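Accompanying notes for the structure given below.
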Amino acid sequence: MYKRCIGFIKLMRVHQPVGFFLLLWPTLWALWITNRGIPDFIVLSLFIVGVMCMRSAGCVINDYIDYDIDMCVQRTIRRPIVIGSVKKQEALWVFFILILIALIVVCVFNNIIAVFLSLIVLGLSIIYPYLKRYIYLPQLVLGIIFSWSILIVYTVMNCAVNKTTWLLFLANTIWVVLYDTEYAMVDRDDDKCIGIKSSALLFGKIDKIVIGILQLLTVFILYIIGIVEQLPIIFYLFSIVGASILFIWQQVLIFNRNREKCLWAFLSNSYVGMLIFVGIVLSF
């Protein structure tokens, strides 16, 4: 029974919270900006639960669809479905339960547009695992998926979708592409052998340069957000300077394209999102 529980925990990546935070941070950025400070506790709690469910659901459906691929990749060869600790049919049921909870959370807001947006991102989440078999930039679609909560926040808070909305969306999408490229650098050799496509393979020898350009773009758009929202100097100190320092550190880590260090670079992005959030919180 214990081993079964561990299998489901690993399937939903409860033991690996970085992915949860990477989805949560942009949601919190939007919540604080739309509320000009601390949002309603119930609204905040509902968004956190929704993010938890959607992140875990994404991991489950990814493992379900990528079962044949995971058997061939060093990093994923011990995943629950691959080793048999969770059956594929069971994984599908877990996915449906998580999606049901997430949809119930959205329905609590009593906003039909938010429900519609949630159904769109659900569709994208199901399609995403297949994309790496056909296109070299699935990271772009992942960026859109991970930025979608920003649109839902603005909808739920009855705020007009404005310049800041799209700047947040764009900054986060670019950020996701760069950090998932760092993640793809970990699996590059395996992906090449089994015919899986990724941005790391697309960018090839200029991967570090492209990541650097994307880092600069992310910082620049954050700077523009600060100007548009008339945020104080504390935002620039934490969000802009803090993120920039971590981006420089990531360049150091990925310099030799060492698998382990590329993974460290990816994981450090949780702190990037946190610093941006802290800067926004201290601004109100």
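Backbone N, Cα and C atoms are what each Cβ position is placed from, and that goes for glycine too.
Over in Swiss-Prot, the protein carries these features:
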| type | residues | note |
| --- | --- | --- |
| TRANSMEM | 14-34 | transmembrane segment |
| TRANSMEM | 41-61 | transmembrane segment |
| TRANSMEM | 93-113 | transmembrane segment |
| TRANSMEM | 134-154 | transmembrane segment |
| TRANSMEM | 166-186 | transmembrane segment |
| TRANSMEM | 209-229 | transmembrane segment |
| TRANSMEM | 233-253 | transmembrane segment |
| TRANSMEM | 262-282 | transmembrane segment |
For the transmembrane segment (93-113) and the transmembrane segment (41-61), decide whether they are in contact, meaning at least 3 CB pairs lie under 8 A, counting pairs 6 or more apart in sequence.
yes
Could you pull out which residues elsewhere in the chain have a CB under 8 Å from any CB of the transmembrane segment (41-61), counting only those six or more residues past its ends?
11-14, 19-20, 23-24, 27, 31, 91, 94-95, 98-99, 101-102, 105-106, 108-109, 121, 125-126, 128-129, 145, 149, 153, 156-157
